[in-house]
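Features reported for this protein in TrEMBL:
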| type | residues | note |
| --- | --- | --- |
| BINDING | Gly10, Ala11, Gly12, Lys13, Gly14, Thr15, Arg122, Thr131, Tyr132, Gly194 | ATP binding site |
| BINDING | Thr31, Arg36, Glu57, Leu58, Val59, Gly85, Phe86, Pro87, Arg88, Gln92, Arg155, Arg166 | AMP binding site |
| DOMAIN | 122-157 | domain 'Adenylate kinase active site lid' |
| REGION | 30-59 | region 'NMP' |
| REGION | 121-158 | region 'LID' |
Amino acid sequence: MNLVFLGPPGAGKGTVAVKVSEELGIPHISTGDLFRKAIKDQSELGKKVKSILDSGELVPDDLTVALVEERLNQGDTGKGFILDGFPRTIPQAEALDTISTLQMAVNFSVADEVLVDRLSGRRVCKNCGATYHVKFAPPRKEGICDSCGGELYTRQDDAPEAIKNRLQVYYRQTQPLIDYYKDKGIKTDIDAAGSPEQVLSATLKALNS
Ligand code: AP5
Ligand code: ZN
């Protein structure tokens, strides 16, 4: 199943995608994770995009589409894939249509106040990338990853100013994709305000129907 997960920053796309990926045996492809890996590795791409990610602006479409195309050609997408955080603009969606055929675009929605709470309390493992939340999904030991013992950090773009900018960028550039996929007849809405378990079960139900 070829899937796209849409939704504002902090809606919980990544959290659900990890579980759905395990459940369906298809890769979870997050453009944000790919960019953060490039930054960590100090690659050419990483050097180009660091300041863009820190500010919450979008990476240019040509760089992003090339990255996704390369990832989709790695040979593990025979059973399908979950694209999380891509596409984020109409030109990206149009480019994706020339690369692959989607079965569903899942749109996760949550009120802005909840998004700010989720983003400002998020902590990520430096080592394996696992995501926690100080209130909603705390690690067993403060500041330490449950799965690998790595140190947890706060993403630079989870600072208050960057969160504000990311929400503005989302409403201006990404929200129009909801109608884009609605017009294609493949959009499904998920209320992402509930607990992670509730959101996961609503998503699996939608995918199975
Ligand atoms: P990206 O990494 O994609 O960031 P994002 O879209 O802002 O999404 P997030 O990762 O912040 O949120 P999420 O919905 O995955 O939430 P999560 O599950 O972590 O992109 C980062 C940057 O990369 C962009 O700003 C841009 O610069 C660049 N970029 C990426 N893709 C691009 C593209 N296509 N084009 C151009 N540029 C691009 O959950 C958030 C928190 O809430 C966590 O702490 C979690 O534990 C908690 N939580 C999750 N679900 C629940 C729940 N149900 N209840 C309570 N807490 C929950
Ligand atoms: Zn870890």
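Every residue, even glycine, has its Cβ placed from backbone N, Cα and C.
Least crowded of the binding-site residues (Arg88, Arg122, Arg155), judged by neighbouring Cβ atoms within 10 Å of its own Cβ: Arg155. Counting only same-chain residues six or more apart in sequence, the Cβ atoms lying under 8 angstroms from the Cβ of Gly12 (ATP binding site) belong to Phe108, Val110, Arg118, Ala192, Pro196, Val199. Most Cβ neighbours within 10 Å among the binding-site residues Gly10, Gly14: this distinction goes to Gly10. Ranked by CA distance from Gly10 (ATP binding site), the binding-site residues Thr31, Val59, Arg88, Arg155 have Arg155 at the top as the closest. Site extent for ATP: the farthest pair of Cα atoms among Gly10, Ala11, Gly12, Lys13, Gly14, Thr15, Arg122, Thr131, Tyr132, Gly194 sits 17 Å apart. Neighbour counts of Cβ atoms within 10 Å were taken for the binding-site residues Phe86, Tyr132; the minimum is at Tyr132. Reduced to three states, the DSSP call for Thr31 (AMP binding site) is helix.
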